[in-house]
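Asker: When I checked TrEMBL for this same protein, it listed these features:
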type: TRANSMEM; residues: 51-76; note: transmembrane segment
type: TRANSMEM; residues: 88-110; note: transmembrane segment
type: TRANSMEM; residues: 130-152; note: transmembrane segment
type: TRANSMEM; residues: 189-207; note: transmembrane segment
type: REGION; residues: 225-361; note: region 'Disordered'
type: COMPBIAS; residues: 234-244; note: compositional bias 'Acidic residues'
type: COMPBIAS; residues: 309-319; note: compositional bias 'Pro residues'
Amino acid sequence: MALLDHITEAVNRFLPQKREKIPQPLNTATGGIGHGFSNHKEDMIISKPQIVFHALQIFFTFLAMCCFAAVAGFQGKWNVGPSGLSDFVLFVTVLNILLSVFLVTIPVLYDKYDKAIRLARALREDRVQFILTGVGIATIPLVALITIISAFTQAGCKNPKNDPHAKELGDDFTNGLPGWCRTKKAGSIFLWLAAAAYIAAFGYVFYNWRRGRSVYGGNLNAARDPPFTHPEEPSQDFDEEEGDPYSRSAHPRVSDQPPRIGDDLSSPFGDENRYSGYSAPGRQSMDPYGAFNDDAPTGYGGAPTRPNVVPPPAIPGPASPGISRTMQYADPYAAVRGRLAQASPAPQPQPPTYEYPGGFR
């Protein structure tokens with residue numbers, strides 16, 4: 001029993017353990033405080049299905065690597081290899097084993113020893129999970145397909161005597177070909193099982209992504225607040241008191257405002273031919289001097305009667321009353337100023353004289 005306890009303790013030091021659940025308050029529907037909606041259903045640094053998928057990937061890929069290492073060893077023993085296919089399969093299997101170990105080890109290092117914090121934060125992103133899991137899906141099924149075709153179509157696997165090296169290497173080589181072919185087929189089958197584990201892991205990541213969750217739990221993957229959505233109905237205004245400086249003024253909504261005058265086709269200002277080359281006839285001003293005589297806005301009145309040409313301002317003669325160049329009407333004070341200028345000045349009166357007797361003034 002002591003040995004079993006030591007083994008269990010050693011395993012628990014490495015594998016992630018499920019943490020104690022946080023007591024949930026009863027005042028909210030989500031079990032959180034305030035507006036948060038964090039789910040404490042399973043507070044593990046990595047989910048159990050993800051651990052199972054990575055373990056299956058490592059196991060089947062390791063068995064396939066061992067099988068093809070034996071295949072390469074047989075080829076090297078008889079100086080007929082190792083072939084390029086065997087080297088490629090060994091490279092892919094070792095790469096995917098390291099990748100699966102990486103995906104399991106980094107969250108555990110963060111959870112147990114507070115190490116690799118940046119890598120753990122990167123792994124919580126869904127796009128990183130899709131990329132890393134997609135590497136296994138892109139390589140393992142491809143290698144499994146190539147090796148299974150090679151194992152069932154090679155001439156030495158169908159008939160050992162038909163192998164190109166059977167005659168020069170003798171009977172010992174020919175007798176070893178059936179076992180070599182069985183090892184190659186077994187390695188291909190293990191590769192297909194590893195590919196199934198990678199596909200299952202990818203489907204699990206996609207499933208959690210569609211649900212808005214992550215395959216990693218813990219503090220790094222706490223649920224985020226949902227984005228702000230504008231309410232469909234406008235907020236109801238409170239009753240306002242007249243003269244209250246802190247109350248909001250009631251503004252009509254855009255939908256409640258009447259249409260503008262220019263947008264109504266029946267209005268005289270709503271002109272469909274506003275870009276025509278002629279202007280409408282002028283309108284009579286109520287000013288007796290005609291200060292506001294100008295062209296009417298487009299759409300006011302009937303058909304155009306004159307071209308849109310502005311004549312130059314008339315310059316008055318020396319005897320005519322002045323005309324303003326800005327307002328274009330006769331200045332009533334110009335005639336008064338002209339009369340004052342033409343009138344001759346009256347003689348100035350002499351100062352009074354005083355005469356005194358005795359000749360003094």
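Backbone N, Cα and C atoms are what each Cβ position is placed from, and that goes for glycine too.
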Asker: Checking distant contacts: for the transmembrane segment (51-76), what same-chain residues at least six beyond its ends satisfy Cβ-Cβ under 8 A?
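Answerer: For the transmembrane segment (51-76), the list is 16, 82-83, 86-87, 89-90, 93-94, 96-97, 100-101, 103-104, 136, 140, 147, 176, 180, 183-184, 186-188, 190-191, 193-194, 197-198, 200-201, 204.
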Asker: Looking only at residues six or more beyond either end of the transmembrane segment (88-110), which have a C-beta under 8 A from one in the stretch?
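Answerer: Residues 14-16, 45-46, 50-51, 54-55, 57-58, 61-62, 64-65, 68-69, 72, 116-117, 119-120, 123, 132, 135-136, 139-140, 143, 147, 187, 191, 194, 198, 216, 218, 220.
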Asker: Near the transmembrane segment (189-207), which same-chain residues lie under 8 Å Cβ to Cβ, leaving out any that are not at least 6 residues past its ends?
Answerer: 49-50, 53-54, 56-57, 60-61, 63-64, 67, 89, 93, 96, 126, 129-130, 133-134, 136-137, 140-141, 143-144, 147-148, 215
